[in-house]
Amino acid sequence: MNPQAKLIFITSLLLGTTITISSNHWIMAWAGLEINTLAILPMISKSHHPRAIEAATKYFLVQATASALVLFSSMTNAWCTGQWDITQLTHPTSCLILTMAISMKLGLVPFHFWFPEVLQGSSLITGLLLSTAMKFPPITLLFMTYPSLNPALLTTMAIISTALGGWMGLNQTQTRKIMAFSSISHLGWMTIITVYNPKLMMLNFYLYILMTTTVFLTFNSMKVLKLTTLMTTWTKAPSLNAILLLTLLSLAGLPPLTGFLPKWLIIQELTKQDMASTATIISLLSLLGLFFYLRLAYCATITLPPHTTNHMKQWHVNKPISTSIAILATMSIMLLPISPMIPTII
């Protein structure tokens, strides 16, 4: 891709995100979402592969539908109450339509079908943007409108998202699809706590971005697109593979790694809200996700499994690990000791 064109698209992406997260008026938020969608489309389809074009088309159709629903929801609310302010969404029908629109933007169940397919058709770096930066504006809208949304509906969608994200990821061999189902599962954890403690939801989102960025950048530096490639990378970059093992376990939420922090705080908050049964269910469902993270970690570091085909072992390259991966990996693994500070922040 032309560097000047890439610069324009990245600038537009930043502009769209900034407009949405800083606006109070629904029309401005909608405009920001549209700029975002149009900026990412050329980045998805840049390889000119039929799969990339298909992914871009699917992404465009889903995001256009979601944006139309955002506009429809805000117009219905303005028609009934005379309010265009994002925080003044009070009409029940508008709230329901907005929940659908945000779920579609984020890839929450039952509007999740597009997300694994689009991620599979994109490059790893574009997949990283779709999993992190593109989720920031809708998460912000969720944060701003949470008092108006239906808690029972959000809780149900969250539990089903965690279940399906874990269950559908079990049988995958493509790393991008595994990361897509991982994202759906993590969104379930974020959504379930939104109404009760929205700052905790944002903390979970930031830590999710941190860990997912580390995993995607590691995959990108090792050029890993499927599990069979991952099995031979230990000869190429052993230290990077060791870091990947710990980051994947952190993403799974195992103590004493960073990923355990948001899960621990969410379970604690749900128990305070007399939702111990809900906390138990979502904790058990996250074990499904743990299985495929462990399988990724197993393929990456522990063994080269028996097989009939001959694999070409990759040359060991003495290329140093990039500074960004090193810093992100350290934060993805070692932030649990800051947990006593969290109550003062949230």
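Backbone N, Cα and C atoms are what each Cβ position is placed from, and that goes for glycine too.
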Review point. In TrEMBL, which of 121-139, 178-196 is tagged transmembrane segment?
Key: 178-196
Revision key, fill the gap. Per the Cβ under 8 Å criterion, with at least 6 residues separating them from its ends, the transmembrane segment (5-21) contacts 28-29, 31-40, 42-43, 129, 133, 136-137, 140-141
